[in-house]
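Asker: Here it is, the structure, as structure tokens.
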Amino acid sequence: MGIQGLAKLIADVAPSAIRENDIKSYFGRKVAIDASMSIYQFLIAVRQGGDVLQNEEGETTSHLMGMFYRTIRMMENGIKPVYVFDGKPPQLKSGELAKRSERRAEAEKQLQQAQAAGAEQEVEKFTKRLVKVTKQHNDECKHLLSLMGIPYLDAPSEAEASCAALVKAGKVYAAATEDMDCLTFGSPVLMRHLTASEAKKLPIQEFHLSRILQELGLNQEQFVDLCILLGSDYCESIRGIGPKRAVDLIQKHKSIEEIVRRLDPNKYPVPENWLHKEAHQLFLEPEVLDPESVELKWSEPNEEELIKFMCGEKQFSEERIRSGVKRLSKSRQGSTQGRLDDFFKVTGSLSSAKRKEPEPKGSTKKKAKTGAAGKFKRGK
């Protein structure tokens, strides 16, 4: 879910914090991508006649086709992607995960009813609601990435939190995900729609945290409290407080504690056993990989092993996969050129958003497990 309504709120009250770019604008940029979010998009979008792609054994292959071709497209445009996979979800997320299970069970019932009624559009809608990224999907995508020479990392917990840590450390330019809570975790730059389908023709949206805070007149801790009021994955929000009201309250009272003291409890009842303090702490001090322990490396694709996996096991067209590998190899030769703004510091524009910010005190960092294409060095 991320943060409810945050993207629209920023567009309404801090529009200068957003800019839209074509994918070509990111030539030479390293980007940390929320892998689970991307795989979910591929499972939803890469379909044939409304159904996911499958091989003869009935195994789903939509995620592999999506990962293969979208990654090649990024590389062809000079982007150097590193995929970050989710680790163990924080305990605070258990309530949200339980709600998702309930919604899936309800969607399953509605799907059966739609199938019985022969309502094709309803069947497609509820089928997509049942899409879930599994361990097998993740493992197969990791294997594919390693054969493509693309680095990936295993986060100890939430992928978007570790993506944010990589941006703050200057290891990558931006975090790419549809989950807006990447900003709540402190990512200086967030990119949306990077892995969206080309057919949708969505421009890439770039959100700059420093400009958001400046426009709202908030610091990061106050912004975190605003996000909690809007609604997050980690605790309930106060019913009856909409986005604009939440902004007004935070700007006036500066913290959730002070807001609660001044609210009419009959009109705005606070959730029972409200875990807003724990959620606040989680956003400011998440369990993340240690960016200094990570050395990112993009290497030459292993063509024959890719053919063995994608064509032999997953039954994709050999001609198409070999063509994709050629495109990938060619893109590597062109992406070695750097960006001019990596050498010259430009000030006073969105593109000069801070590349590095200090970690909050007590931030829990762990060394991430790394794929074959990503190597470790000792932390500084």
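Don't overthink the numbers, they just go from 1 along the chain as shown.
Using N, Cα and C of the backbone, Cβ positions are placed for all residues, glycine too.
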Asker: Please state which member of ASP86, ASP233, ASP248, ASP264 Swiss-Prot lists alongside ASP179, ASP181 for binding Mg(2+) 2.
Answerer: ASP233
Asker: Which one, ASP22, ASP34, is listed by Swiss-Prot in the same Mg(2+) 1 site as ASP86, GLU158, GLU160?
Answerer: ASP34
Asker: Of SER335, SER363, which does Swiss-Prot mark as phosphoserine?
Answerer: SER335
Asker: Around GLU158 (Mg(2+) 1 binding site), how many other CB atoms lie within 10 A of its CB?
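Answerer: GLU158 (Mg(2+) 1 binding site): 28 neighbouring Cβ atoms within 10 Å.
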Asker: In angstrom units, rounded to an integer, how far apart are the Cα atoms of SER187 (phosphoserine) and GLU160 (Mg(2+) 1 binding site)?
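Answerer: Between the alpha carbons of SER187 (phosphoserine) and GLU160 (Mg(2+) 1 binding site) there are 9 Å.
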Asker: Cα of ASP34 (Mg(2+) 1 binding site) to Cα of ASP179 (Mg(2+) 2 binding site): how many Å, rounded?
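Answerer: Cα of ASP34 (Mg(2+) 1 binding site) to Cα of ASP179 (Mg(2+) 2 binding site) measures 9 Å after rounding.
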Asker: Give the sequence-ordered set of same-chain residues, not counting ASP34, ASP86, GLU158, GLU160, with Cβ within 8 Å of the centre of the Cβ atoms defining the Mg(2+) 1 site.
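Answerer: Everything else in range on the chain: SER36, MET37, VAL84, ALA155, ALA159, ALA161, SER162, CYS163, THR177, ASP179, CYS182.
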Asker: Name the secondary structure element type, per DSSP in three states, that contains SER187 (phosphoserine).
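Answerer: It is coil.
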Asker: In this structure, which of the modified residues SER187, SER255 has the fewest other Cβ atoms within 10 Å of its Cβ?
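Answerer: With the modified residues SER187, SER255, fewest surrounding Cβ atoms within 10 Å: SER255.
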Asker: If you draw a 10 Å sphere around the Cβ of ARG192 (symmetric dimethylarginine), how many other Cβ atoms fall inside it, taking every protein chain shown into account?
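Answerer: That number is 22.
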